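Colleague: Sharing a structure, written as structure tokens. Questions coming.
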Amino acid sequence: MTNVIDTELDKPIDKVEFKPVILDFILLFIAVLLVSLDPILTRLSENELGPNATVFNRELIAAGIFLFWQGVLFIWQSQSNDLPSSQESKPITLGTLLIFLAVVICGEACLVTWALSLTQTSVANSNLLHNLPSVFAVLGGWLFLGQKFDKTFIMGMVIAVGGAISIGIQDLQVSPDHLIGDAWALFSAIVYAGYFLTIEKLRSQFSSLTISLWYCILSSLILLPFVLVFEDQLFPSSIFGWVNILSLSLLCQVIASIIFIYQLKQFSSGFVSLFMLLQPIITAVLAWIVFQENLSFLNWIAFFVVLVGIYFAQSGEGVKH
């Protein structure tokens, strides 16, 4: 297993001084745009498959693509002697395997707890609390990774988070009946932050391809028993179903995942999770286009406010390593 992909991605953007910043932000936006397709493609896939089977197929197909990609790079490097040995990935020990497992648990726990919150509290409450991972990622980065964030970054984060939650604040319901659901939504934000922090920890040792491969393999193995027990259908049965699941896997899991994990070597998990606040707004725009769902003027204002917050945050300390 190698870090060839990271080496190749680094080569061209080192030549011109202004390119890294521009390219990094373009890549992040592309990743957020692709992830914004996730709810739409998932909804289409669930016309034929259950939720567990949809995620299982998504991870399994991505694991196959990553494994093929890793094999091609391994063969290519074995025939080339011009790469230094320092570019080789470190061996996966029990400790690093546990961190990989923690990444998977955090990722899956985020999905499950958010889904639970939607059954026990209002959508507005759930979305408002679920949009707080950047706060916990910044706190976790400061406590556990020794990262420092200045006032400019914190101000930008507050503005961006405020813009993201403003969409649902008018429908916010404060009620004792919603406490359990609100707690699940808040916990989903915490484990989502944990997902970013654990991947950021792994990025100092492994390539983005290696992390993506192991994440998908472990996720597939964990999900398989649940699919066999709770789902009636394991794989799609129509061409339309296969097109949906292949699109979901390739766009949202393979391409977007590689970009996000690669960027966690350039940016802190706090900033990447802050950039992710664009996702629900872009999803709302796409749902407006695809499903003719209502899109209010407040959505456009929120989009602008989040962009302003990200602009302030990117000029502060704590954005890059």
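Glycine is no exception: its Cβ is also placed from the backbone N, Cα and C atoms.
Automated prediction, rather than curation, is the source of TrEMBL annotations.
The shown structure was predicted, so the numbers you read here are calculated from the model rather than taken from an experiment.
For reference, TrEMBL lists these features for the protein:
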TRANSMEM  21-40  transmembrane segment
DOMAIN    26-167  domain 'EamA'
TRANSMEM  60-76  transmembrane segment
TRANSMEM  97-116  transmembrane segment
TRANSMEM  128-145  transmembrane segment
TRANSMEM  152-169  transmembrane segment
DOMAIN    180-312  domain 'EamA'
TRANSMEM  181-199  transmembrane segment
TRANSMEM  211-230  transmembrane segment
TRANSMEM  242-264  transmembrane segment
TRANSMEM  271-291  transmembrane segment
TRANSMEM  297-313  transmembrane segment
Colleague: Report, as numbers and ranges, which residues of the same chain sit near the transmembrane segment (97-116): CB under 8 Å and 6 or more residues beyond its ends.
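Modeller: The answer is 51, 55, 126, 130, 181, 184-185, 187-188, 191-192, 194-195, 198-199, 201-202, 211, 214-215, 218-219, 222-223.
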Colleague: Please report, as numbers and ranges, the same-chain residues at least 6 past the borders of the transmembrane segment (271-291) whose CB is under 8 Å from any CB of it.
Modeller: 28-29, 32-33, 35-40, 127, 131, 133-134, 137, 153, 156-157, 160-161, 163-164, 167, 192-193, 196, 260, 263-264, 299, 302-303, 306-307, 309-310, 313-314, 318-320
Colleague: For the transmembrane segment (211-230), find every same-chain residue at least 6 residues outside the stretch whose CB is under 8 Å from a CB in it, and list them.
Modeller: 50, 52-53, 55-56, 59-60, 62-63, 66-67, 70, 92, 100-101, 103-104, 107-108, 199, 202-203, 253-254, 257-258, 261
Colleague: Restricting to the same chain and to residues at least six past its boundaries, which positions have a Cβ under 8 Å from a Cβ of the transmembrane segment (21-40)?
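Modeller: Hits for the transmembrane segment (21-40): 13, 247-248, 251-252, 255-256, 259-260, 262-263, 266-267, 272, 275-276, 278-279, 282-283, 286-287, 290-291, 314.
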Colleague: Count the residues of the domain 'EamA' (180-312) that DSSP assigns to helix (H, G, I), to strand (E, B) and to coil, and report the three numbers in that order.
Modeller: 108 helix, 1 strand, 24 coil
Colleague: Residue list, the transmembrane segment (297-313) vs rest of chain: Cβ under 8 Å, 6 or more residues beyond ends.
Modeller: 152-153, 155-164, 166-167, 170, 271, 274-275, 277-278, 281, 284-285, 319
Colleague: Any contact between the transmembrane segment (128-145) and the transmembrane segment (242-264), i.e. 3 or more CB pairs below 8 Å with pairs at least 6 residues apart?
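Modeller: In this chain the transmembrane segment (128-145) does not contact the transmembrane segment (242-264) - fewer than 3 Cβ pairs sit under 8 Å.
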Colleague: Taking the transmembrane segment (181-199) as the reference, which of 60-76, 152-169, 242-264 gives the largest number of Cβ pairs under 8 angstroms?
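Modeller: If we count Cβ pairs closer than 8 Å to the transmembrane segment (181-199), 242-264 scores highest.
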Colleague: Is the transmembrane segment (152-169) packed against any residues at least 6 beyond its ends, judged by a Cβ distance under 8 Å, and which are they?
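Modeller: Answer is 123-125, 127-128, 131-132, 134-135, 138, 270-271, 274, 277, 280-281, 284, 298-299, 301-306, 308-319.
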Colleague: For the domain 'EamA' (26-167), provide the mean pLDDT of the predicted model.
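Modeller: Summing pLDDT over the domain 'EamA' (26-167) and dividing by its length gives 82.
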